[in-house]
Ligand code: FES
């Protein structure tokens, strides 16, 4: 099992595909150091092996080294998912000493001006390059992450070369997932079939060019598929997301689903939530599935796909995932690709609650 701890929704970047919800948690409501540490102990006892420390920008939490140290002592594998803009040499050494196992550093492009435009922060790219050097100097294993979309899809080869030069052992090229901010900006982000084919070819070429030195993972976009992905490995099967204020979710977008009430780790033990909470049972297993899914021989491979996508595209979280070619709403996915505007509209950047800025 793995647990994604969204330590804070604060972030100096404004990426228009951010996986955080449109309504962000306020800093005042964030779990305290002691509450996170207690949760990490509970997670380890529950069988969680991997702890992903994320945000927002998790380095906005001044207590991050203490959190890493506690999680490491609890026996959790700690992975820090960061933009890197706050990672100085001192903080990298501090995190390494605390026991951080791995660092995943996000990039928006290989070109500094384009990267800063996409992330909505001037100077961010240069600070990310420095962060990578600090992480490697501190001996922390490094993955470079590129969230790919129509506005940076031609940069895969250049980002792969940059990641290799930075000493990354792994590059993750992940197409945007269209929830929340990504869905809001879909027309600005969604690649067409020719762009996707070129991107896939670029990934294959980069794998060959960097074979034996850097592993390259590739996450393809749902909208060009006709079989759904096993989102989160199946609802409530092996993944937990904890929001900054302590709500426990089976996936990062679950709160978009109406009628589900997600519990807080401030009120209940994590084991009880995992075992008994009705929201974690709602789409667990195969019993909830529509007949077409329940009789499909892929039902325990894709677990019915993504519930949040079914809600976003079919208006019903219990419906078949429209990405599936057997769904009677599959045409909605095809139409989103076919109707993509020729020129991408301006980004609507991620902002604090109540503010959605245009630009880019
Ligand atoms: Fe919620 Fe896929 S993101 S089930």
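Counting starts with 1 at the first residue shown.
Cβ coordinates come from backbone N, Cα and C, glycine included.
Predicted automatically and left uncurated, TrEMBL annotations should be read as such.
In the three-state DSSP classification, residue 11 ([4Fe-4S] cluster binding site) falls within coil. Contacts of residue 11 ([4Fe-4S] cluster binding site) defined by a Cβ separation under 8 A and a same-chain sequence distance of 6+ are given as 18, 20, 55, 56, 57, 60, 83, 350, in order along the sequence. According to TrEMBL, the feature [4Fe-4S] cluster binding site maps to 11, 15, 18.
If you look up TrEMBL, you'll see 1-213 marked as domain 'Radical SAM core'.
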Which site among 15, 18 has the most other CB atoms no more than 10 Å from its CB, taking these as binding-site residues? 18
[4Fe-4S] cluster site, defined by 11, 15, 18: further same-chain residues with Cβ within 8 Å of the Cβ centre: 13, 14, 17, 19, 20, 56, 83, 119, 120, 181, 350
